[in-house]
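Here the structure comes first, spelled out in structure tokens, and everything after it is commentary.
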């Protein structure tokens with residue numbers, strides 16, 4: 001299970017609960033480091049752990065440091081490696097590649113023609129075997145990249161003068177000298193007392209592994225790279241880095257950890273794992289699909305701010321037709337703008353530093369929570385007709401609000417957990433399913449007040465004699481119902497399909513569709529329910545109009561129509577009956 005901390009919120013005063021909730025946000029963010037991931041698992045029993053997924057461009061780098069791996073005694077005595085990492089290139093928006101395989105099949109024991117790299121941890125020989133499948137030119141080297149590369153330029157020629165093929169693993173052209181310096185530091189004489197190791201697998205005094213370069217077999221073909229595995233007390237450690245060598249290797253990559261000893265149900269053995277993952281593209285720490293999000297969220301924040309300012313100006317010009325719900329709509333637009341602004345700032349710092357600023361991240365989550373609650377409350381209030389034509393909610397409508405508001409709080413908590421936790425955490429998938437289910441329930445619940453209002457207007461249009469006004473309101477509610485359906489359809493279903501269909505570098509179109517659909521929904525809702533005198537939603541039949549309708553019915557029933565005329569109060573001239 002993932003290392004985490006929990007705080008209770010029961011038995012507190014409302015003010016204390018608010019401070020506890022804010023402290024909970026800070027606590028959850030304390031373990032989040034953006035695109036520099038640190039995952040600690042203790043007593044874990046899963047056989048497959050999806051550590052992370054990232055979109056790489058050319059010269060992008062992946063660094064992995066396994067600082068602690070503690071297995072049971074039975075697992076360390078097995079000669080064939082059944083523990084290790086896998087790096088595979090996956091399709092954008094797809095689930096992990098091993099999700100559809102047999103649960104008893106070990107992905108480390110099968111050969112694959114797909115784009116795949118395996119890191120097999122051999123506990124007995126204290127080494128890590130690197131196996132590559134498919135045509136690829138990934139540069140795999142031991143150790144981590146230096147903080148700042150010492151020099152850049154073309155790769156140095158091989159001193160042996162032998163040709164290289166796809167199985168040769170050499171460092172990135174931009175980090176050649178830095179990697180050689182790191183490897184030179186590892187050539188420390190073996191300390192007495194260590195276990196006898198094969199040639200090329202020496203350990204320094206601190207238990208750090210030393211690797212041997214690829215050697216050539218009898219057939220002249222380069223062998224797989226072998227990394228040294230460090231052994232300190234009862235734990236193991238090693239590190240490596242990968243550089244994307246060409247455009248052919250660009251794509252979405254998924255890094256997974258496998259413990260094939262736990263594939264058989266009922267025979268799982270707990271293990272401990274601590275790993276650091278650092279992913280970087282030439283432009284920063286953001287994935288290929290996330291690089292445009294900083295500018296996208298900043299532009300959309302300005303659009304929502306402009307829409308909110310324009311809406312407030314409309315409210316100030318029509319003071320006599322303004323209701324409380326109109327100001328609630330203005331608050332929603334400004335809250336959405338501020339939330340997107342903080343989201344944009346977070347992506348900026350993640351791209352430049354690898355992690356967000358905790359204070360700004362907390363502000364983003366608070367405004368995101370307020371925005372989500374205001375959105376669903378506003379949609380439900382407009383659909384129920386509150387403040388426009390009535391100031392009391394029915395029992396059914398109160399139950400809807402009693403369901404939607406707590407679910408929105410739960411959905412925002414799930415969103416915060418997903419954003420702050422690592423993908424490899426044991427409860428990450430559970431919170432993701434909770435967010436999807438709760439969001440689906442909320443989207444369905446907000447439709448009920450609109451449907452009830454439509455049925456009420458249908459019944460009232462044939463009984464109270466106010467046919468024209470009720471039919472106009474009925475038409476408006478039907479339009480609003482279609483608008484809500486389209487908003488849910490575009491921001492949930494169409495957006496997910498778009499995310500699966502487009503290439504990895506165009507994944508940001510998903511967020512563009514969601515934010516554009518939200519802005520269009522806000523604008524159309526404001527246009528339909530603007531505080532104007534000719535808005536049928538705000539019109540109530542006047543007493544003189546009711547008398548005219550009653551007089552017209554009397555004259556029609558009595559037959560006194562011939563030669564009579566009525567003065568039209570809204571137009572010059574006369575209108576023949």
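Every residue, even glycine, has its Cβ placed from backbone N, Cα and C.
The N-linked glycosylation site annotation in Swiss-Prot covers 59 (among others). Under the DSSP three-state reduction, residue 59 (N-linked glycosylation site) is assigned to coil, being neither helix nor strand.
Annotation comment: Swiss-Prot describes 111 (among others) as N-linked glycosylation site.
Residues or ranges marked as N-linked glycosylation site in Swiss-Prot (evidence: sequence analysis): 233 (among others). Counted within 10 Å of its Cβ, the other Cβ atoms near residue 233 (N-linked glycosylation site) come to 8, all protein chains included.
Annotation source Swiss-Prot lists N-linked glycosylation site at 237 (among others).
The region 'Disordered' annotation in Swiss-Prot covers 144-224.
Residues or ranges marked as signal peptide in Swiss-Prot (evidence: sequence analysis): 1-34.
Residues or ranges marked as transmembrane segment by Swiss-Prot on the basis of sequence analysis: 296-316 (among others).
Here the transmembrane segment (325-345) has Cβ contacts under 8 Å with residues 293-298, 300-302, 304-305, 307-308, 311-312, 315, 357, 360-361, 363-364, 367-368, 370-371, 374-375, 377-378, 381-382, 386-388, 515, 518, 522, 525-526, 529, 531 of the same chain, all six or more residues outside its ends. According to Swiss-Prot, the transmembrane segment annotation covers 325-345 (among others).
Residues or ranges marked as transmembrane segment in Swiss-Prot: 369-389 (among others).
As annotated by Swiss-Prot, transmembrane segment applies to 400-420 (among others).
Residues or ranges marked as transmembrane segment in Swiss-Prot: 434-454 (among others).
The feature transmembrane segment is assigned by Swiss-Prot to 482-502 (among others), with sequence analysis given as support. If one looks beyond the transmembrane segment (482-502) by at least 6 residues along the same chain, the residues whose Cβ comes under 8 Å of a Cβ in the stretch are 92-94, 379, 383, 439-440, 443, 446-447, 450, 509-510, 513-514, 517-518, 521, 524-525, 528.
Taken from Swiss-Prot, the feature transmembrane segment covers 506-526 (among others), and the record attributes it to sequence analysis. Beyond the ends of the transmembrane segment (506-526), by six or more residues, the same chain brings 55, 92-93, 288-293, 296-297, 300, 303-304, 307, 311, 314, 329, 332-333, 336, 340, 382, 480, 483, 486-487, 490-491, 494-496, 498-499 to within a C-beta distance below 8 angstroms of the stretch.
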> How many other Cβ atoms sit within 10 Å of the Cβ of residue 237 (N-linked glycosylation site)?
Replying inline: 20
> What does DSSP assign residue 233 (N-linked glycosylation site), in three states?
Replying inline: coil
